[in-house]
Each structure stands twice: as C-alpha cells, then as structure tokens.
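Have a look at the structure below, then the notes.
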C-alpha cells in the first residue's frame, strides 16, 4: 500500500510532463481514421483543448502550437498562421489594456470606488450593492483581476469599521466546546496578507481605524452575542463573494472588458467576413442592459443569502449608528487623503471618457456614427483605441506652465507623460494577447481544413431542438465548462462548433454565438474558475461550499438573463429572426449540396 501511495505521489508530481508526452500519442489514430485535413486539424484542436484545460503547458505556449503544427501537418502555410496573432482585434485589446494601466498608475480607480461607496449608504444591502456596482463598472475597463485585488481591501477595511475584527467575530461565533469550533476557526489562519499587494492597501486603509474609547460592558446573553456574530460573519462573506462575481459580470459589458468578447469579433471576421453588426458601440448597447439586469438579480440573491436584506439589526441601534459613523468617517478620510483631483487624474479622466465615447459612436448601427467621414471600411475600433492610447505616452502629467520658459532657476528635468513604456510593459498581460492570437489561428485552421463543416455534419440531431431552448443549453454548457477551464480557452474551443451548428439549423449565427460568448464569463462556482474567485478565496474566510452554493444560483440567473436579452432587444438590434446574407454566402460555399438546411420556424425565436 505504501509503495502504491508513493508511486501515485510521484506520478502526480510529473503529471504535466506525462500529459504533454502521452496525449499526442493517444490521439494519433485520428490522423489515420478521419478525412485527412479534418483529422489533422481535429488532432491539433484536441491537443490544445486538453493542454489548456489541464495547463500542462503555460496557456500562452499552448496558444503558439498552431505556428509549429499547422504548417508541419499541412493544414495551413506558416504565413497564414502567423498573421493571425496580431489582428486588429488584438490592437483594440492592447489599447484597452494601456488605458487601464494609466488609470491604475494615477489611482483614478480608487477615487471612483471611494466616491461611490460614500454615496450608497452603509446598511449591509446598500453597501453590497455599492460594492457590486463599483466593481462591475471598473471591470468594464480594467481587468477583472485588478478590480478584485483593489476592491477587496477596501471592503475589508469598511467591514472592520462596522463589525470589528473578523477573527474576534469568529471567536464569538462558537464556544471552545462546540464541535464546529475548529471548522469555523480553521480557515481564518489564512490571512489576506497572503496577497502582498492587497494586504498593503488594507493596512493603509485600516491603520487609523481603532479608537481609544473604552467599550461599555455588553448586557446581552452569550447566545445573543453568538447569534449576532454569526450574522455579521455571514454578511462579511457576502461582501467577499460579491466582488469577484460582479467583476466577472462587468467585464461582459464592453468588447475590451474581457478576452472572450474579442475572440467573438476575431472569429466572426474569420467565418463571416461580411458580418459587420458587432463593434464596440453595438455590443455595449446590447450587453450593458444585460449586465445591469444580471447585476441586480445577483445582488438580490447574494444579499438574501448572506443576510444583507434581513430586517434584523446586526446589533443595538446606538452601537450600529456608532459603527456606521466609524465606517463613514473611514471612507471620507481615505477620500480626503487623495486630495483634490490633480492634473494627471483630470487628464486621464478626459481621455478615458473620450476613449469610450469615440468607440461607442464610431458606428453604433442604431444611428449614424462618425466613421462616415472616412473612407468606408477603413477606420475600425482598433484605429480609435490606438490613437487615444498613443496620446497617453506623450501627454504631460503635470500642468504645462508658461512661466517655466522665463524662469532661469526652474528645474530643467524632462516632463513625465501620463504613461511610460516601462509601466506598459510591466502591466500589460502579453500572454493574453498570445492567447487571443492562438484562438484566431485555431479558428482559421478549422475553417480552411473544413473541420468546422465536418463537425457541423455530425450535429444534425441538434436541429430538432427549438432555437430558444438551444440558446439556454449552449449557454449552460459553456458556463459549466468554463468552471474548469479558462474562459478564453473555452470560447476558442467551442465558438467554431457553435457557428457551424447555427448554419446547419438555418439560424442566425449571432443568436447562438453571442450567448455562448457571454456565458463563458459566468464562472462563479469554484475558486479555480477565474483569478478573481481565487483572490477572494485566498482571503481564507470563504469555503468552497459557499462559492458552490452561491455560484450555482448565479449561473442559473445568468443563463435566464442571457436568454431574456437575446430573445428581446437582441433580436431587434441584430435582426436575429432572419437568416442573413452574410451567413448564407458562407453556407453555399462551404457546405456540400447534399446537406439541405433544415427549416426552423423563426417564430420560435
């Protein structure tokens, strides 16, 4: 038995190397049993899918496999593969990341967060709503991970002002004789300081929280104290869990908010080059109302589950008033420390608003955009984004002064721009840009090899499912799959299949592709599902069962909200009841004549 366990541990240590060596051998039969090009492309796609899901190789390294495998297997020439790694979509993503770097550099995101929290009020339900609104708004422009890392210490400092120290609350929740004592107390040994950047901010926030006043003796019974402490710990969990969830939801509202949205754009350009319905403006007009509805539904569920909507008071009225006054004072003091908005913050606010407005109004589809002033088809969202991002590298962070020219004693040091290339290199996740490129290369391979059409031929039984039900099934499946794989890898793997399925059943491809893209950002059930979930879990105050219990209902709510959106204003915005010409042209060129498309009643949409 001991030998078996030792061997198992050894195998576990080298599991990634074994996967890299054995999986390619395991799938070799595909090269000889399927049609030549389709079989070779499926071989590469399955290799990449398994390497992405198991992270046997770093995600970015797996994304580069098409560069070596597609040419050597005769699927695509090298010049066609490599060009996929920096399409215009990557430039739009890069410009969004540079804007986010600049916002973080000058602390504008912190000012926005503290301002919103000072406005919403300090009752638990209102504060949870404030946290969720702030996190989702910031996540539309910053990365989900950066938003979560910034908001968690702010939440912890406010909660400590309201309820006191979490460790002492947990002590009050149970007596030493309680059999659950160790269970409740156990996770608390992992403190937030396991995340250095988060802990530092938390220390800054809470350094002046304590007061010297002597607390009066508590007249409540031990059972009342225990009950209220349990309630407060529960509310605390609600705060911790709402931040990563709202960051994931907020990222879906803008094209640059999360990578899967850009994967959709890139793959649409590959499969349906004549489809020009989706751009920054039209996506925002569709996805922002969906995000807001889901956010409110999620808030009601989280506030209900964790006591935020409970009519009971956390503690006596006068104590509650004191605690709320302390928390309010903390927020006001932290905002006061930021001082007045300086020239750099004002400048980045202006460029941030200009960035959003120009992207939104370029060609929003429901009114004439400013792109009509240029040659048709020449100016894209990427052009807009790069223009604004480039300005950040030379626009001064200090107010220019005429007197400097005439003051011989003034310092002659060069001015500091809003964003330096050193900061950009440090903060831009270049691995994600490679991951996007790998997705576009995979899509190109699936199209050129005929694999997408081949898979579509085997999806014929799904044609019997009504499209409205198929949307829910697709969204649900993708949301479940993304719990175990990165959302970018998930959408790269499934989007070609979903596009081909839509063509096979004579449904507008966007009707399936948009819900799938949004659904793969709805990873709420496990700590490993997304980096924001991992950061919240690393605080040590959440258990896996808390995330599973909350996330399961969040997933259901998300699927229902997506179905509502795509079947109401989505149908009207993108004309989803029609099978459009841009999809028909692909169908007639790629699908063999023997496969006549099944007629599906558009009325069911």
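Counting begins at 1 with the first residue displayed.
Glycine is no exception: its Cβ is also placed from the backbone N, Cα and C atoms.
It is 510-530, from the ranges 447-467, 510-530, that TrEMBL records as transmembrane segment. Cross-referencing 6-24, 82-100 with TrEMBL places the feature transmembrane segment at 82-100. Between the transmembrane segment (283-307) and the listed ranges 43-70, 377-395, 551-572, the one holding the most Cβ pairs under 8 Å is 551-572. Each of 43-70, 82-100, 343-361, 470-498, 551-572 was scored by its Cβ pairs under 8 Å to the transmembrane segment (377-395), and the highest score goes to 82-100. Within its own chain, the transmembrane segment (343-361) has Cβ neighbours under 8 Å at 95, 99, 102-103, 106-108, 111, 141, 255, 280-281, 284, 369-370, 381, 384-385, 388, 391-392, 395-399, 418, counting only residues six or more beyond its boundaries.
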